[in-house]
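Q: Annotation comment: TrEMBL describes 9-194 as domain 'Thymidylate kinase-like'. Summarising the annotation, TrEMBL assigns ATP binding site to G11, I12, D13, G14, A15, G16, K17, S18.
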Amino acid sequence: MAHGLFITFEGIDGAGKSSHIEAAAQALREQGHEVVMSREPGGTPLAEALRELFLHRPMDALTEALLVFAARRDHLATVIEPALQRGCTVLCDRFTDATFAYQGAGRGFDLAVLSQLEAWVQQGRQPDMTLWFDVPPAVAAQRRAAARAADRLEAEDLAFFERVRSGYEARRAADPGRVRCIDSGQSLEAVRAAVLALVQPLQPRGGLL
Ligand SMILES: Nc1ncnc2c1ncn2[C@@H]1O[C@H](COP(=O)(O)OP(=O)(O)OP(=O)(O)O)[C@@H](O)[C@H]1O
Ligand SMILES: Cc1cn([C@H]2C[C@H](O)[C@@H](COP(=O)(O)O)O2)c(=O)[nH]c1=O
C-alpha cells in the first residue's frame, strides 16, 4: 500500500536530535514533501497527558512500557497513519526504538513482551528511516545540565544511559538499512550537515488519493 515516508529521530537524552528536526523538515519541504512533525510520547491530547505522567510520576518498567504504547496507539491511529495515507512525510521525535532502548536495555524489561506490544499497537507499521544521534552519555549529561532541569528519566545515572545507548546500537545492528547512525559528538554544524546528507536525497511519496 502506498504511503508517505515515516522518519524517526532517536538518541539518549541530550544527544541533540531535537536541535536538527526543524532543519530536516525545512530541507524536505524544499524537496516538495508535505511534512508533519510530532513526538513521542505525545503528539495528541491524550498522548501528551500520558507524557506528563510518564515524565514526572514514579512507576515500574511494565507501567512505563504500557503507558508509552498506549500513547503510541492513539498517536498512530489519529495522527501518524492518517498523515501517511495522505502521502505526507512524518518526522517523529522518538518512536519504538526508544522503548526498546529505554525500557528494554535501560530498565532490563523483557524484549519479547515489548515485541508483542509493538505487534499489537503498530500492526506492522515501522519507520522507513531512523536517524540515531549517538553520543557518549557523559557528553549528553553535560549538554543537559547546561540546558535544563532533569525530568524523571534524565535523572538516571550514566550507567543507565550506557545501557540505553547499547540498546540503540543493538537496534542499529538488527536493521542497519533503516537505523542510520549520526556522530552527534561533533559540532552542531557538522551534525546538521550529516542530517541533511541523509534526508536531502529522499523523494516525496504519493498517498492513496
Ligand atoms: N552538537 C552539539 N554540540 C553542542 N551542543 C549541542 C549539540 N547538539 C545539541 N546541543 C545542545 O545540547 C542541548 C540538548 O540538545 P537537544 O535538546 O537537541 O537534545 P535531545 O537529543 O533532543 O534531548 P532530549 O531527547 O532529552 O529532548 C541543547 O542545549 C543543545 O543546544
Ligand atoms: C518514546 C519513549 C520515550 N522515552 C523517554 C525518553 C526521554 O527520556 C523521554 C522523552 O523526552 P524527550 O525530551 O521528548 O526526548 O521519554 C522512553 O523511555 N520510552 C519511549 O518509548
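The backbone N, Cα and C atoms fix where each Cβ goes, and this holds for glycine too.
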Q: Checking the binding-site residues G11, I12, D13, G14, G16, K17: which ones have Cβ within under 6 Å of ligand 1?
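A: Within range of ligand 1: G11, D13, G14, G16, K17.
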Q: Within 10 angstroms of the C-beta of D13 (ATP binding site), what count of other C-beta atoms is obtained when all protein chains are considered?
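A: Within a 10 Å radius of the Cβ of D13 (ATP binding site) lie 20 other Cβ atoms.
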Q: Counting Cβ neighbours within 10 Å across all chains shown, tell me which of the binding-site residues I12, A15 comes out on top.
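A: When each Cβ's neighbours within 10 Å are tallied, I12 leads.
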Q: Judged by the number of other CB atoms within 10 angstroms, which among G11, G16 is the least packed of the binding-site residues?
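A: Ranked by other Cβ atoms within 10 Å, the binding-site residues G11, G16 bottom out at G16.
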Q: Name the residues of the same chain, 6+ apart in sequence, whose Cβ is under 8 Å from the Cβ of G14 (ATP binding site)?
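A: Sequence-distant Cβ neighbours: V135, V139, A140, A141, Q142, R143, R144, A147, E154.
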Q: Are any of the binding-site residues I12, D13, A15, G16, K17 near ligand 2, with a Cβ under 6 Å from it, and if so which?
A: D13
Q: Count, for each of the binding-site residues K17, S18, the other C-beta atoms lying within 10 angstroms of its own C-beta, and report the residue with the smallest count.
A: S18
Q: Need the DSSP three-state call for G11 (ATP binding site) to compare against my parser.
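A: In the DSSP reduction, G11 (ATP binding site) maps to coil.
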Q: Which of the three DSSP states, helix, strand or coil, fits S18 (ATP binding site)?
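A: Where S18 (ATP binding site) sits, the three-state DSSP reduction gives helix.
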